[in-house]
């Protein structure tokens, strides 16, 4: 499902570089619009999915808790398909209204993927590979980006610029992916944690047994069910009689949940305004800024950028996030991103005309420009290793079961608000702040993010979802620096029990006591 976002981020920026698209929607430099008007129209087109995604993320918590994780997936796929169909219909009419409306509706569906998928993965994955599974979602964003970049490059080479098919055919990938995801959801298994929450305990046990590939009677399955029920019962007792407003009050009024909320909000603000995501959306323009000339060359460099981000996200998911920990991987990624942003900022301040094809650069400036192009790839590696992986993972695992859907929905709403603001602002920032000034801004935000992660973000690798509550019960000033260390061996049954006979019998004793009660 992560490919939903990736496809749009990769396709819209490259589609806007295709001549038929620019001519149809008035984006050509020799057209009637001024430079500022073109920047404003481009930002409106690219950011409309983010606007729809804000609404999608807001309603996702209600949908995913009301009808379940799998039916929510099917509904979002229908919205995604319908919106893209309207958008592509504009190829026949040239209607900007159809572009805006179609991309907004598609965004409502795409926005829900960022709540539904991480929630489902976090709830069904074993705790030791939970990070890998959720990062597989963030990695699939780059499958979408990579395929989108190569599709646009291929269509530029093989399809005539005299036809709208040059940008329509690549955008059909949206529909292909939505149909595949919707079809595969029929064969998926509903989240046992959601089934427990709605009172379907027998079905929950059966589904957990299938997911873990263990008998229902196995001690591991029973201990995990015990943890889920225990956490849900404690949450219900704490909020008895509060109705639908209860989770919202709980999220805002309890200090431990306010800290969780702070992590969600700040990870989105600092991640989105670090600049890396704007490079993904406006990649061809960034390569042009750094001295890449020629439409084919820009699209090819952009396609390779997609490969770099995909490979780096897979490296992070498979080898880093659960082995070295979330925090260390994030700080390493942000550090790489900071180095890249600083280099590009310095380069653009010194070489102000690198993107001008009529300008002549010295040999040293050409070497520096090559270094700046390399730094685009380095920033992509750092982003995939750092912010992109963590912003989904922490929001899917830090909240208790009762608040997981609404917490994730709030986080992703804030994500898309900031992504919309960023994608809308960047074209005009390039004009008002200059290219170099914009990159300096991103560098400062990236540095602030590094300091925030070091002090505020707790390490949660290897902890069960139910035991993470212990971390947030600590004083706020200890959570980020010592949270994991001070809560070792304070988890639930799954975290504390091993596989030996004595511990298996202990779980059985707990079950017998519960049954008698």
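Our numbering is plain: 1 for the first residue shown, then up by one each step along the chain.
Here the Cβ of each residue, glycine as well, is placed from N, Cα and C on the backbone.
Please treat TrEMBL annotations as automatic predictions, because they have not gone through curation.
Feature transmembrane segment, per TrEMBL, maps to range 399-417 of the set 209-227, 228-246, 399-417, 418-436. TrEMBL lists transmembrane segment at one of the ranges 25-44, 45-64, 465-484, namely 45-64. In TrEMBL, the transmembrane segment annotation falls on 171-189 of the listed ranges 171-189, 190-208. Within the chain, the transmembrane segment (333-355) has long-range Cβ neighbours (under 8 A, six or more residues past its boundaries) at 274-276, 288-291, 316, 361, 365, 368-369, 371-372, 375-376, 378-379, 381-387, 389, 434-436, 439-440, 442-443, 446-447, 449-450, 453. Summarised as a single figure, the pLDDT of the domain 'Major facilitator superfamily (MFS) profile' (1-461) averages 86.
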